[in-house]
Amino acid sequence: YPESIDWREKGAVTPVKNQNPCGSCWAFSTVATIEGINKIITGQLISLSEQELLDCEYRSHGCDGGYQTPSLQYVVDNGVHTEREYPYEKKQGRCRAKDKKGPKVYITGYKYVPANDEISLIQAIANQPVSVVTDSRGRGFQFYKGGIYEGPCGTNTDHAVTAVGYGKTYLLLKNSWGPNWGEKGYIRIKRASGRSKGTCGVYTSSFFPIKGYR
């Protein structure tokens, strides 16, 4: 795997989105990984619908939080519409997937990255954007302005984001708090730092979608 990678430079990352005030980070993280693999496989970068997951993926809890695996499974089973077709409303509503027209993006499966294993995660990110979790509760994270973040934070995670690259000393994470947060909506978080769970628990629960050629 390369020493560093930034999927933004490869055109596989849509502009930073904003989930607020809804607790829908899980949908944004999942969708960003699917936008990424879809671009890698098809050559097209298409902004996809978080709102569809919020409204239609019933195993998660809408604006009260959700999960990486059921949301990925939803897209395996149903596909996901584009952002344009099913735009974000900042709140959970009735599932309108059946009423929507236009193309959908599908994935064929998803895979779990071995937990608390830096090299496995780096190898995964070298291939595509990956859904990861962090502890975002601390003021340092909430009000992060730039640089390589080392904490303070715990490893009890509460927030899903998307790893879209790495360097020698950091992971590059796409957040869903709008472009005015952090480094234009991104955070660089310190790699390894002697904690097997990673800085802010970033190595504890990571998934990526698999997409065949369809």
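Just so you know, the numbers here start at 1 and follow the chain as drawn.
Yeah, the Cβs are placed from backbone N, Cα and C, and that goes for glycine too.
Per Swiss-Prot, the features are as follows:
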- Cys25: active site (ACT_SITE)
- His159: active site (ACT_SITE)
- Asn175: active site (ACT_SITE)
- Cys25: E64 binding site (BINDING)
- Cys22-Cys63: disulfide bond (DISULFID)
- Cys56-Cys95: disulfide bond (DISULFID)
- Cys153-Cys200: disulfide bond (DISULFID)
Residues near Cys56 (disulfide bond) in space but at least six apart in sequence (CB under 8 A): Tyr74, Asn78, Cys95, Ala97
Cys63 (disulfide bond), number of other Cβ atoms within 10 Å: 16
Nonlocal neighbours by CB distance (under 8 Å) for Cys153 (disulfide bond), same chain, sequence gap 6 or more: Thr134, Asp135, Ser136, Arg137, Gly138, Gly140, Phe141, Thr199, Cys200, Gly201
Local Cβ density at His159 (active site) - other Cβ atoms counted within 10 Å: 22
His159 (active site) as reference: those recorded positions from Cys22, Cys25, Cys63 with C-alpha within 10 Å of it: Cys25
Disulfide-bonded residues compared (Cys22, Cys95, Cys200) - the one with the fewest other Cβ atoms within 10 Å: Cys95
Of the recorded positions listed as Cys22, Cys25, Cys63, the one whose CA lies nearest the CA of Asn175 (active site): Cys25
Spatial neighbours of Cys25 (active site) that are distant in sequence (at least 6 apart) but have CB under 8 A: Gln19, Gly65, His159, Ala160, Val161, Ser176
Three-class DSSP secondary structure - His159 (active site): strand
Cβ neighbour count (within 10 Å, all chains shown) around Asn175 (active site): 28
